[in-house]
Amino acid sequence: MRAPLCLLLLVAHAANMIPPNRRKKQAGTGLGGNCTGCVICSEENGCSTCQQRLFLFIRREGIRQYGKCVHDCPSGYFGVRGQEFNRCKKCGATCESCFSQDFCIRCKRRFYLYKGKCLPTCPLGTTAQPSTRECQEKSPSQKKGRRDGRPRKDRSAPRLPLQP
């Protein structure tokens, strides 16, 4: 229990030793709204810590990254709530929008949504809907018929042996 307290005191002491022009600024200290919702913010990197209910969204531009506190994560990301902080995580490579890392809501082009997954083709028993990019289950009448729409021949009739 003493180790975390000592570490906290050491960090606080080190922060006081940083020159005032290099210290991280608190939210609302004249950065033109770039730190809205931030607890800790810097001009170089934006937010690094958000208020309790907000998500930290880190935007990457080349090798730079810039943090922003948001109520909802943008499209292509989903929110993860944690004990220390909340953050936005990127959806899977084939997802355009997702609920979690493993559950897509909408797929990127050339993929079809099926039970939360984005697939390049729809599985057997389903039909691709190009307008929604979703796989729809075939109705029972579609499953029983042939591909050309005609009903299958009745195979329940007994077969007679061939006469020589």
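Just so you know, glycine gets a Cβ as well, placed from its N, Cα and C.
Summarising the annotation, TrEMBL assigns compositional bias 'Basic residues' to 141-153.
The average pLDDT computed over the domain 'R-spondin Fu-CRD' (35-135) stands at 93. Taken from TrEMBL, the feature domain 'R-spondin Fu-CRD' applies to 35-135.
According to TrEMBL, the region 'Disordered' annotation covers 128-164.
Positions annotated as signal peptide by TrEMBL: 1-17.
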Helix, strand and coil totals (DSSP H, G, I; E, B; other) for the domain 'R-spondin Fu-CRD' (35-135): 0 helix, 55 strand, 46 coil
